[in-house]
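Below is one structure, written out as structure tokens, with a few remarks after it.
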Amino acid sequence: MALSFSRDRSRALPLAAEIGALGVVFGDIGTSPLYALKQGVLAVGGTDFTSADVMGLLSLITWSIILSVTVKYVMLVLRADNDGEGGILALVTLLDLHRSAIGLRWYLLAAGLVGAAMLIGDGVLTPAMSVLSAIEGLQVISPALLDWIVPLTVLVLAAVFLSQRLGTERIASFYGPIMVLWFGSLAVLGVYGIMQAPEVLAGLDPRAGFHTVTTHPGLAGVIIGACFLAITGGEALYADLGHFGRKTIARAWLFVAMPALLLNYFGQGAILLRDPQAVRNPFYDLCPDLFDIPLLFLATAATVIASQSIITGVFSLAKQAIELGYLPPMRIRYTSEHNEQHIYVGRLNWLLMVACIAVVLGFEASDRLASAYGIAVAFAMVTTSILFVAQVNRAWKWPKPAVIALGIGLFSLDAAFASANLTKLHEGGWLPLTIAGIVIFVMVSWRRGLEGVVAQQQRFTEPLDEFVLRGDRASDAESPRTAIFLSRAGAMTPVALSRMADLLKVRFQRAVIVSVWIAARPRVSVDDRVRVTNLDGGFIRVDLRFGYMQQIDVPSVLGPALSARGVDPDEAIYVIGHERIIPPDEVVRGRDVVAHVFAFLARNAERSVDRFGLPRSRTVEIGYPVKL
């Protein structure tokens, strides 16, 4: 039986919703004070920095937060929701690309897939960077604890990933209050630091940032790339739009998260002005020694929450890609009876865990990991801007001058960050790009393979109407049962049905042809989910439509429609085709490589009986070869 989900974010009390948003949406960007300013100071020369350098870094961080997060995401991009959902793939589906010219369609689709792959690549680095930065506070408490940092980081990450299969619904209610305490601590510590050196507020002047960049022209890219670490969580605001809605996220950002972050950055800057040696860890040095241990535990909890949010986001992104046909089906388990966002993708979870732990063991310190961190998000932000400008132009019909001005503004900002992050390429930035490249290759291989399978099926099957007309003449016997055939061929005859008729010469008293379609929106209402067409000869065609965020349970949705037509759904059998992919014998072209990759993915993909929730005791699979 399908789970019944309710979406009640609009009914939630504003304060409760905003507290929840702090726990889910701002985990990544909220933990950036652990490392962002520190990396900026290291970029300008470690302990050999001037007060002007500190002011400049604070200026760059401040105006990056204002322009990229507040203006771009909160004021603009969050308005581009697809039935309440956000994220790069939601924006792709919102553009309704099938109505576009072929060249533009592929350009925008490629941008969306690249952005999605970049975010998945970032999902490997963000938990490692966040948790490692928090636990490095141990060396501030006692240098003797230095050797424990990496083992403890690995243990925390392993615990986070291993707990995913249990679901997070019960503990998620604590995320908001913990993050409220975290942001409150950021603000209090920031005010404490600013009071010791109020002259640090001169860093609000944007000219200070310009001065620092021009003073260190050879390090400009490195400096901007380091400051970009302060906004890497900005994309999460859009990705988590479906959890809380634009107004809730905007209020939580403008009145809680952003002020707390800015106060803390300036507090760290004040400490650096007083003591240049604080560059070893300005976040923890901002805190009085008495509170170091409580702050360490709070920071670790905050980074665990940030990691949890990233993992959940990757799961959600993968589900969207699966339902839209860009990733092979994987077993998705819903861990909540009330919230469809709470899912667990086992294979992906294990891959992420192994990759995250390998990253920690390989880099060992947040200073070295920072060289790899941020580049994937920078390019994801570029793709978001491309898709958003297309949405403004095509759907919102802004005047051309306004579209051009918006495009120039967004692309100038994103290009500065992306080009600055390219300076990290040889120091570790290749890692997230490599991960993203692998994801893109898998997406393209799966999509091309699916298209090849459908093309082969259409070559060797006939239109369903023609099959219905010749059905009686082609059969030697009739089964009194009702058979339900799942088809991905639309108006064509399912391969399983045609093979049963041609090879076994058997027809069923009633045959129900079911096609499952994924709509270009997150949810399809119950009234629009089922369309039934009665055909001749006891055939019934049923089209089921689901949103790309909905659980697909064919029996529960199909049952009422069959019962209304005198068919007992509990007595019917399901017949599904199972393709045995045969790739080329020799690999001589790029498409041959794609075919072999698709064959491997198909062998390891979730079977249709599990994906569609079919009863195993009443499901028959008919295998057939498909040569690519």
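Using N, Cα and C of the backbone, Cβ positions are placed for all residues, glycine too.
What you are looking at is a predicted structure, and each value in this text was computed from that prediction instead of being measured.
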From 12-32, 537-557, which range did Swiss-Prot mark with transmembrane segment? 12-32
For the transmembrane segment (106-126), sequence-distant contacts whose Cβ falls under 8 Å of one of its Cβ atoms, 6 or more beyond its ends: 28, 88-89, 91-92, 95, 97, 100, 232, 235, 239, 306-307, 310-311, 313-314, 317-318, 321, 326, 352, 355-356, 359, 369, 372-373, 376-377, 379-380, 382-384, 386-387, 390, 431-437, 439-440, 443-444
Same chain, outside the transmembrane segment (219-239) by at least 6, Cβ under 8 Å from its Cβ: which residues? 25-33, 35-37, 39-40, 42-44, 57, 60-61, 64-65, 68-69, 72-74, 77-78, 86-88, 119, 122, 126, 212-213, 249, 253, 261, 265, 306, 309-310, 313, 316-317, 370, 373-374, 377-378, 380-381, 384, 416-417, 419-424
For the transmembrane segment (141-161), which recorded stretch in the set 174-194, 343-363, 369-389, 402-422 gives the largest number of Cβ pairs separated by under 8 Å? 343-363
Winner by Cβ pairs under 8 Å against the transmembrane segment (295-315), considering only 174-194, 253-273, 343-363, 369-389, 425-445: 174-194
Does the transmembrane segment (369-389) reach the transmembrane segment (425-445) with at least 3 CB pairs under 8 A, where each pair is 6 or more residues apart? yes
